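Residues or ranges marked as ATP binding site in TrEMBL: Ala6, Asp7, Ile8, Gly9, Gly10, Thr11.
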Amino acid sequence: MSFLVADIGGTKTVLALADCTGNQVHLSAECRYNSAEFATFDALLADYRAAHPSAICAAAFAVAGPVSNDQCETTNLPWRLCACELAAQFHLEKVRLLNDLEAVAWGIPALTPDQLLVLQTGNSHQRGNAVVVAAGTGLGQAGLFWDGQRHHPFATEGGHADFAAVDAQDVALLHYLTAQHGRVSWERVVSGMGIVNLYNYLAATNPQPAHPLLSKTQRDGGDLAATIAQLATTAACARCQLVMNWFAHLYGREAGNCALKHLAYGGVYLAGGIAAKNVALLQSGGFMNGFLHKGRMRELLATMPVTLVLDERVPLFGAARWLATI
């Protein structure tokens with residue numbers, strides 16, 4: 001019998017039915033929803049179950065936010081999820097919640113080589129802890145503890161740790177964002193909102209007319225970060241190119257921070273929609289320059305494999321694998 005799995009994010013929520021065979025996961029009846037169109041996750045799930053009433057006995061939902069006692073208040077949505085309440089409402093024997101980045105960590109063994117892209121080979125034969133860093137609507141991070149035989153994924157909220165400035169431009173950015181938010185986390189600069197924050201900072205310090213497509217996106221309430229990335233890719237907006245290059249460098253710096261904190265000899269995995277949609281940007285050198293920019297620790301970081309996850313379904317794979325083990 002299939003499991004019901006979900007990847008619940010600030011921008012989108014994806015649900016599917018999953019069947020596991022070892023590490024491999026087969027998905028069916030996959031549906032994507034705009035999260036903001038639903039007042040609650042319960043309403044979204046009811047919509048999905050009405051369209052896909054297949055018999056299921058258990059569900060695992062990967063949620064962008066801290067999970068405690070199978071409950072979660074999502075970080076970038078006004079949703080509250082409770083596993084017991086969802087199980088009762090939808091007549092399921094078992095419902096479990098896990099952090100979305102923990103789900104990504106569980107999902108990595110289900111990926112095939114064509115779903116991954118190596119940015120740094122490092123010492124691929126060494127074993128040890130690993131880390132996942134994912135920039136999307138927010139900035140998610142998770143660790144994988146190596147016990148000598150296998151990895152044990154665990155969630156963190158490291159994306160909300162304090163942003164650290166290392167040069168004059170960073171200091172100016174920090175002052176700019178502090179005036180707006182009071183406190184600046186890494187999520188404020190390495191995420192979709194981070195791309196917009198970087199753009200707004202450059203626009204404020206060097207005023208120039210915005211690109212017409214960006215102005216239209218803003219008027220229409222569209223995805224500004226995606227438009228900035230698009231304009232940078234096509235070289236249609238010099239400011240957007242500066243933003244995305246700066247973003248890649250900052251992303252690399254924070255990934256390097258995570259690698260050091262977890263001593264990630266087992267590898268650093270980059271997940272999330274921004275990485276998967278901007279492969280050329282992360283291959284261009286700015287990311288790895290930021291990653292390795294750690295003074296005396298540069299040589300250590302050079303031994304750690306860095307891999308880009310290309311398949312955005314990995315939280316669904318991970319939710320299914322995790323549910324199959326408990």
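Cβ coordinates come from backbone N, Cα and C, glycine included.
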Translate the DSSP assignment of Ile8 (ATP binding site) into the three-state scheme.
strand
I'd like to know which of these binding-site residues, Gly9, Gly10, is least surrounded, judged by other CB atoms within 10 A.
Gly10
For the binding-site residues Ala6, Asp7, Ile8, Thr11, work out the Cβ neighbour count at 10 Å and name the residue with the minimum.
Thr11
